[in-house]
Amino acid sequence: MNELGVHNPANGVAELGLGEASRVFYNLNESELYEHAIRNGEAELTIDGALRAVTGQHTGRSPKDKFVVRDASTENTIWWDNNKPLSPENFELLRQDMLAHAAGKTLYVQDLIGGADEENALPTRVVTELAWHSLFIRNLLIRPKRETLSGFSQKLTIINLPSFKADPARHGVRSETVIACDLTNGLVLIGGTSYAGENKKSVFTVLNYLLPAKGVMPMHCSANVGPEGDSAVFFGLSGTGKTTLSADPARTLIGDDEHGWGEHGIFNFEGGCYAKAIKLSSEAEPEIYAATNRFGTVLENVVLDESRVPDFNDNSLTENTRSAYPLHFIPNASETGIAGHPKTIIMLTADAFGVLPPIARLTPEQAMYHFLSGYTAKVAGTEKGVTEPEATFSTCFGAPFMPRHPAEYGNLLRELIGKHGVDCWLVNTGWTGGAYGIGKRMPIKATRALLTAALTGDLKNAQFRTDANFGFAVPLSLDGVDGAILDPRSTWADGAAYDAQAKKLVSMFVSNFTKFEDHVDSKVRDAAPGLLLAAE
């Protein structure tokens, strides 16, 4: 085996059982990985110098093919209602077969870190057969100082071989695609998919498992910090405005997707961004556009024209086109990835039913209720006049990545909110004046004005009313914001129709929460819509 590149000589891939590989390249930089990826026929150069790769059959995550090893230590710590078990015996067969498959191959290794807080960092080794995957994960995680690589020792290893096909009968899995996590031994095996996001989300899943045991809250959120050191956390599912609203020229971006909240404050898990690229434009998102069109960035499933110019409006490969770049490509990004305890928590939702107000203040119990609910609404479609929205509840605003029971995360969040006196707000970026198809999208100018007032603390001084349906506190007015949108019922042409729609949404919340009722105390149960008085 020929090993090249800076690494710990006592910690080579042979220690992982990969000694039969033909060549192993450790910790190559961007230029080197570009050369390998292009020479291997994996990717091509765009007109502006980004590296474009296509992933074939898999253009998104494969949640149905993700497994967690069920052993003595995970038996009672994993939320098995939401995680598929794999026996240690099946995992061992899978490991042996993947190692055998790697024999004679060229492999790429990156030694990286998950977590900007040294006390809670997860040193991670990622072994890939694709050079562009190596660049992707190098962009997404935190790069240790080069001089430390010769002594690097990982706590998590990811082995990703897209050309490996799992055998459901032999390995106890669902298909030829597999993402198998052995949380006890810190090993993730990925096969049968080239979608690069599996690498990133595997690190997130492991951190989400390890950190709560240390009293650290892992969060699927974006975060920023103001000039006075006042940090804010933005929870929200896809399409709610998490990335857009946390990108504020007056505030420093900590990160756009995954963070921890520990003893000293919040910290980014990552060192990069994995931005959606569909319909990306220099007018709407100039910073992301600039970061996307430059050397060092990986474009995933973005269509190029004959001159190698990316067409960000072309969704012929997938709607889920992506751009992966290091955080320092964004001008206003934090250099440390660390900030103090949050002053404000924002929970974003895009309510297509047109019921929720543009902003509401939450008690700690209401915050836990809405965190466990993880609500947003998707528009079913516009064809043939279909206008009925579809409610989506993804607990903790990231159910696919939460190995433990949601109540563990919810209780930890509530405890931290109380301990640090954090102001919590629910922000609706969805529809006003009616449901989707009748009403209109919440004006972004109004959302930003309300958000700014919440972040500066000015909104706390407003007068509030108690929402008749949800029991949270809604401001009556704010300078520069049309008072009508603060009262959703008044924006509907038919008040009775609003009441019926609100009742319908309340019942969806209540029905969804039944699975959590036995895991929370009476104060959180009483925070259900229509039952609790507003925040003081």
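The chain as shown is numbered from 1 upward.
The backbone N, Cα and C atoms fix where each Cβ goes, and this holds for glycine too.
Sequence annotations record features per position, and here Swiss-Prot assigns substrate binding site to R61, Y195, K201, R322 based on sequence analysis. DSSP gives Y195 (substrate binding site) a coil state; it is part of no helix or strand. In this view, Y195 (substrate binding site) is surrounded by 25 other Cβ atoms within 10 Å of its Cβ, with every protein chain counted.
Neighbour density for D257 (Mn(2+) binding site): within 10 A of its CB lie 24 other CB atoms from the protein chains shown. Secondary structure at D257 (Mn(2+) binding site), as computed by DSSP, is coil. According to Swiss-Prot, the Mn(2+) binding site annotation covers K201, H220, D257.
Swiss-Prot lists K201, H220, G236, L237, S238, G239, T240, G241, K242, T243, T244, E285, R322, T447 with the feature ATP binding site. The DSSP secondary structure for K201 (substrate binding site) is helix. Taking the Cβ of K201 (substrate binding site) as centre and 10 Å as the limit, one finds 24 other Cβ atoms among all the protein chains shown.
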So how many other Cβ atoms are close to T244 (ATP binding site), meaning within 10 Å of its Cβ?
18
Enumerate the residues of the same chain, K201, H220, D257 excluded, that satisfy the criterion Cβ within 8 A of the mean position of the Cβ atoms of the recorded Mn(2+) site; list them in sequence order.
K200, F204, E258, G398, F401
Among the ATP-binding set K201, H220, G236, L237, S238, G239, T240, G241, K242, T243, T244, E285, R322, T447, as the record gives it, the longest Cα-Cα distance in Å:
30
Can you tell which of R61, H220 has the least company, meaning the fewest other C-beta atoms within 10 angstroms of its C-beta, among these binding-site residues?
R61
Taking only C-alpha atoms and a 10 A limit, tell me which of R61, K201, D257 are near K242 (ATP binding site). These are the binding-site residues.
D257
